[in-house]
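Over in TrEMBL, the protein carries these features:
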type	residues	note
DOMAIN	148-293	domain 'Peptidase S54 rhomboid'
TRANSMEM	20-38	transmembrane segment
TRANSMEM	160-177	transmembrane segment
TRANSMEM	186-204	transmembrane segment
TRANSMEM	210-230	transmembrane segment
TRANSMEM	237-262	transmembrane segment
TRANSMEM	274-293	transmembrane segment
């Protein structure tokens, strides 16, 4: 068997966006897993369509017709079939019995030469059996496509490794896109990408009778959506190409033609059961959806940033370089100076907390940031974001001194986060810490 080069290009991580739990991604992972488990269990309950002897008899009837039919199609497939040598059931299962297009060839042949009763009976048993398999019921078969199978096929998988691989890719790209666009639009983009991938595949394989299953078309759509969302923004990517690996920074949109070209080259040069054209269709669908989504209103990412001040700015390259050189203290000090000029810049605040984490002084940097924000007008939105970012990095507000917890409790109350406010007030009362503002807040909570 000839080896082939494999390539992966994955985003290292995008730190922007709302940090709410990715509920749609979690739901999709659970749904895909349940569908696979249920369908696999049902398929395993089915008896074999016929005995070994009957399988050999049917293979004798149909192997010659299969070779004739394969000779009219893809040259690589025909060459591989000839090389197999054996013309028994294994040959038929691999190249013909799971292909509905070949079943149509058999029935067309019968119109010219009526079959024996035995042949007709065995073929009928086979077709009744395959029709009950979940792959044939819910997979996308190009020569008999329905609206239902366009949707259902993206929740079907061939085996546990197929499922696991797709769910890993869903986590890599899906979480970032759900946090950026919000749950509803993310789910819509996912489903439309999967349908687009299926339509693209069907249009280019209209005669195929082999069912297509898997979420990879929809997930390729998320890759296209990712590239189309961040466009010319430089992001960090990890790559492997054969035995080479490393990382690089590039505009996200530059990766789209690389991903698309790779799928098209694989489709043209590699003989496998991977639907590379469906991946290509998903990528194209995803980037088109990314172009259309801004017309549906602000993304969650844009709404999250709408409360920041006009001095919002990215973390400068000088700070990033210091961090890459593990000079976290200098990077933090440089960031602190920039925060004097841009005190509500969320990228700077997030980087400041991260540098604190790297120096094992996350709480200290959180307190410094809170002190600064507390002196500014209209900073509640930024302070709330800072709290979420602190917890995302592993911080625990219970470790902050009482005055800071009181400030957060008051913020939670104003944001109508009653449960958080109650928990903080309770922790302060347990500590027997006293303050007039704490008494006032406690009375307000008790009266609600």
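Quick reminder: no glycine exception, Cβ is built from N, Cα and C everywhere.
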#### Entry: For the domain 'Peptidase S54 rhomboid' (148-293), residues assigned helix / strand / coil by DSSP
103 helix, 17 strand, 26 coil
### Task
Flag the pair the transmembrane segment (160-177) / the transmembrane segment (274-293) as in contact if three or more Cβ pairs fall under 8 Å (sequence separation 6 or more).
no
### Query
For the transmembrane segment (186-204), which stretch among 210-230, 237-262, 274-293 has the most Cβ pairs under 8 A?
274-293
### pLDDT averaged over every residue in the domain 'Peptidase S54 rhomboid' (148-293)
92
